[in-house]
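In TrEMBL this protein carries:
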type	residues	note
SIGNAL	1-17	signal peptide
TRANSMEM	180-203	transmembrane segment
DOMAIN	255-655	domain 'Acyltransferase 3'
TRANSMEM	259-278	transmembrane segment
TRANSMEM	298-324	transmembrane segment
TRANSMEM	353-371	transmembrane segment
TRANSMEM	415-434	transmembrane segment
TRANSMEM	446-470	transmembrane segment
TRANSMEM	490-509	transmembrane segment
TRANSMEM	529-549	transmembrane segment
TRANSMEM	569-591	transmembrane segment
TRANSMEM	603-622	transmembrane segment
TRANSMEM	634-660	transmembrane segment
Amino acid sequence: MMLQIVALAAILSAAQSFQLNMTQFYEMPPLYDLDDYDRCLQEFNGQSSTYCFVRAEVQPDESASAWRAITEISKYDRHHFDHRNLYFGLCLRECEDSLSELNEDELEALQAGLLTDNPKVNVYLDLFSAETDNRQRHQRLTNVCLNWRLQRRGFGVLAKSVVEYCNEAGQQVEDDAWNLSFYGILGALLVLACLGSLVDLLLKRRRHDKMLKERDHYKTPPKSTAQQILLTFSVARNWYRLNQEPTGKIGRELRFLDCFKFFAMFMVIFAHTNWVIYESAISNPQDPERLLHTAAGTLLVSGSLITVTFFVISGLLLTINWLAVSRSLEAKKEHWSFGQYAFLFLKFNVFRYIRLTVPYAFVLLMSGVYFENAGGPLWRHIFEREQLSCRRNWWTNLLYINNFVRTDERCLLQGWYLAADTHSFVLSLILLMLGHRFAKWSKHLYAGILATFVAIPMVLTYVMDYYPIFIPSPQTQKDSFIGDRQFTEFYTSSLMNFGSYFCGVLAALAYDQLTQKQYKIRELKSFQLLWFALIPVGVLWLFSAHPIFQHYYVAPSAIWGAIYAGLQRNLWGFGLGIFIVGMAGKVGWIFRKFACLPIFRILGRLTYGAFIVHLLVARIVLATVREPIYFGTGMMFAFIFFTMTMSYLCSFLLAIFLELPVSSFLKLMR
Ligand SMILES: *[C@@H]1O[C@H](CO)[C@@H](O)[C@H](O)[C@H]1NC(C)=O
């Protein structure tokens, strides 16, 4: 242990030494140059005012110190932005004014041409294909204008550019079929909630039972089926459902999972809010760049391990459900036919699909709704991109294939997790059924599967030449993960994540065995020691990516890289599995007490809703940005806190009006 700590300290201090040459940094043109949006569209009462958002790429010119600075600083592509790519928000009237004194030759010299060969920009251009006219009309003016600015400010470089979109004063939003269906469904949900609540209230009035407390009324099911269905929408009833204590021994023993879910979701929202800040405009890009060179940067990068938590919990819950169902069926019948397996398989999948997909589909629908542009120059870049992708690709999300189909135009990017989780669910269920059918071989089967899915990431990483870890570099995040092979094939692929999911399955099987045999692991001193050691080891494991992430220029050796790629997530998942089994066995002292606090019951249940809406919330908040924002701890946490609170509030509404009605409806169907 001491040795590890010393080694870690040595590695960390070595990387602290990176210095950004700020003199050189300010020789580069700024990443963002946005004219005053409101003034542009409102001055002169909006007469023929146009504001264009333009993407530019600086062209090589070895004689310019700006270009030398760009190549020097952008070569740290894992830590720094690609400083060739510039965003301009141009008020066309101001452009015309600034160019009025130049003669025809000077204007011609400022033309650097159309930016056509940047595949990431092209994805945007394709999405905003309705802007083709504007693009042609304003190309020449915007290009000359931004090059004139680069010259006038003494950067001495020229940039190719292309208009992403233009806004004119007085543009109106028209409600189309998509919008109307959203409003229709929203209205229907509200009407159902009112109706359900009213019926519930009437039933309560009619009951005249002095012995029955108010709360108990909402917890007892009504008699007729029609009433039952209507009452699934009752707001009061759903509030009690949200609050409900876990029932049964397993439910009580695993209560702490709600706390895990909540904190893991906090981390996810933290990371994703940061990402959307990168997607908008930052006035001090040097600070996040410098931050990434430090130990905190390593933590940010390996923080992506947090998603493994959800895979493990998900695998665990599936297995616990499966064991409960298979036991209750076994009591009736010893040997199952193939048909029985098939029926159970179908039932598990259909129920899960409906429960997950209804709220998901609602949020997808909401993501595509056009509404009055509340934002500034970046609104469409950040928010309408999402709307357009959702309108094009919602079906990939609903089929849960969005982690490998149309990955350049992702709608609800976090949905990759749901896709990978769905694939893992199906595969695990098949494996559990095989383990059940061939009980004698089940141990071999499970061990073999675990070994296979630890090996697969290794082999794939080696063969496909992936980088050993996924690095959400500033530029990747700024480009919204478009065209990032490492993200699509390495990080979000189901194959790469199944190992961690399966660790959850194994944890549940171990937990089940322990309960069956009434074995008290709490009384085992060595297990206690192992459990508490997992905490510091986990932290060290986060830092294990440090040498890989922070090394400069030397590529990690392919074999070691591949081994690390196979182990990074799987060991984390395995450790987490042990951790969970321990806590379920009442190991954990005050950690367990804290994790079982009742507040996490509600927060934990709101996790799914918060997960599907949080990016939408973050986008709405950040897309209103009109000027580059200062990226500092205070600012960051203000945004994160706001996104977090709003996401949980939205999730609460989603739960009361949609999620809980659906789940209690499904209970009726059982
Ligand atoms: C920083 O960059 C400037 C301009 O390129 C250069 O003159 C200076 O020597 C550099 N400083 C260091 C410490 O490298």
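Cβ atoms are placed via backbone N, Cα and C, with glycine included.
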What parts of the chain pack near the transmembrane segment (353-371), using Cβ distances under 8 Å and only residues at least 6 beyond its ends?
173-176, 178-179, 181-182, 185, 386-387, 390-391, 394, 397-398, 411-412, 415, 418, 422, 608-609, 612-613, 616, 654, 658-659, 662-663, 666
Among 180-203, 415-434, 446-470, 490-509, 634-660, point out the range having the most Cβ pairs under 8 angstroms from the transmembrane segment (603-622).
634-660
Sequence-remote partners of the transmembrane segment (259-278) [C-beta within less than 8 Å, at least six residues beyond its ends]
288, 300, 303-304, 306-307, 309-310, 313, 382, 414, 472, 474, 477-478, 580, 594-597, 600, 603-604, 607, 610-611, 614-615, 618-619, 622, 629, 631, 636, 639-640, 643-644, 647
Folded-back contacts onto the transmembrane segment (490-509), same chain, C-beta under 8 angstroms, at least six residues removed:
304, 307-308, 311-320, 323, 403-404, 416-417, 419-421, 423-425, 427-428, 431-432, 446, 449-450, 453-454, 456-457, 460-461, 466-467, 470, 565-566, 569-570, 572-574, 576-578, 580-581
Could you give the mean pLDDT over the domain 'Acyltransferase 3' (255-655), rounded to a whole number?
94
Counting only residues 6+ away from its ends, which parts of the chain sit with a Cβ under 8 Å from the transmembrane segment (634-660)?
189-190, 193, 232-233, 235, 238-239, 241-242, 266, 269-270, 272-274, 277, 358-359, 362-363, 603, 605-610, 613-614, 617-618, 621-622
Long-range Cβ neighbours of the transmembrane segment (446-470) (under 8 Å; 6 or more residues past either end)
301-302, 304, 431, 435, 485-487, 489-491, 495-496, 498-499, 502-503, 505-506, 509, 545, 548-549, 556, 558-570
